[in-house]
């Protein structure tokens, strides 16, 4: 087995554990709300608190990884979130829940930017989207596989037990990461010389650009051609849309099934499996399909931008249909289609960063994580307010669909990857140099 795929396995596992940690509290919505008599608005604030920690530390963690490396930053972050996952179980009132979840979020803040940073150093440029897709698929496989198990633990041992279990699993992962990962693959004693040589040859052009490249200041970025600025801003807005839909579903979908659809705790756990499993397939295979389209067409606009447009449009339709359909089983199937499209578009948004600024992948990945996480603050709160005000989840689903549709328009109009846009305006020599 290629050693870099073992590292990819470790990345998959950390995202898997992290997103079980994030969803445990959503799966425990009903018992916690009943025990502490929280309203939907209060519960939305608690679900949002996790992101209070993520947002301010996302950029900091990304910049820190560019300076000190992904290994140290991810070790520190994983240790913090593992400890505060367990400590969430000791929360005893509204304020203690807010504090525990906010610090837990700070610990998880480096994860996405570290994935992008590691993709640029451990994989060939041709593997970026595939590697990120496989790693980030843990985000969706986690709730798909773990939901029935977590629900069983809650039913048998109470809502606190899953938090203790996940804290222990996080610490075990930290030990593996410390032993087997190095920031540079050529310095890893477990990686074969043949694989190191192949990878360095594949990355040679990217590495030379990274060493010779100069980081752009804000002033220089503003001075970029209009089509490039439009691409950057459109990708950031697409990531915001992905974040809103993702965290709306991660935080409130269990509550929707139990409150609006009347499912029991056990039935709710199994109902979540299908949408999140579909999302995991979208994350894993969406990036691979996008890579194949790029290899065949040579067009990043076609392989990246149009892919996002199609996925967003289908997702918006699926979200709107979910609350119209009476059949719970059919609603779950429609949500599964939407979840597949959500995850497929997400990995392509991350790929655009890795392809555009590999020498700043950590810091730019931190910015991407920041933009993606901001909706995590507002989506749970807005949803809780809507449910308290209207007594229904319908308006919350329609709002999410509307936000996603705005991403369709922004991506279709403005997301024009530099390679494609520049073909008409640069000389043949420049194009040939860029393709070396």
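Positions of Cβ are set from backbone N, Cα and C atoms, glycine also.
TrEMBL: automatically predicted annotations, no manual curation.
Looking at 14-34, 161-181, the range tied to transmembrane segment in TrEMBL is 161-181. Transmembrane segment is the annotation TrEMBL gives to one range among 98-119, 186-207, and that range is 98-119. Confidence across the domain 'Major facilitator superfamily (MFS) profile' (7-419), taken as the mean pLDDT and rounded to a whole number, stands at 88. Long-range Cβ contacts of the transmembrane segment (232-253) within its own chain (Cβ-Cβ under 8 Å, at least 6 residues beyond either end) map to 19, 22-23, 26, 44, 47-48, 51, 143, 221, 224, 272, 275, 308, 312, 315, 319, 335, 339, 342, 345-346, 349, 352-353, 356, 367-368, 371-376, 378-380, 383-384, 393, 396, 400, 403-404, 406-407, 410-411, 413-415. The stretch from 44-64, 131-155, 161-181 with the most CB pairs below 8 A to the transmembrane segment (366-387) is 44-64. Simply put, out of 44-64, 131-155, 305-325, 331-354, 305-325 has the most Cβ pairs sitting under 8 Å from the transmembrane segment (393-415).
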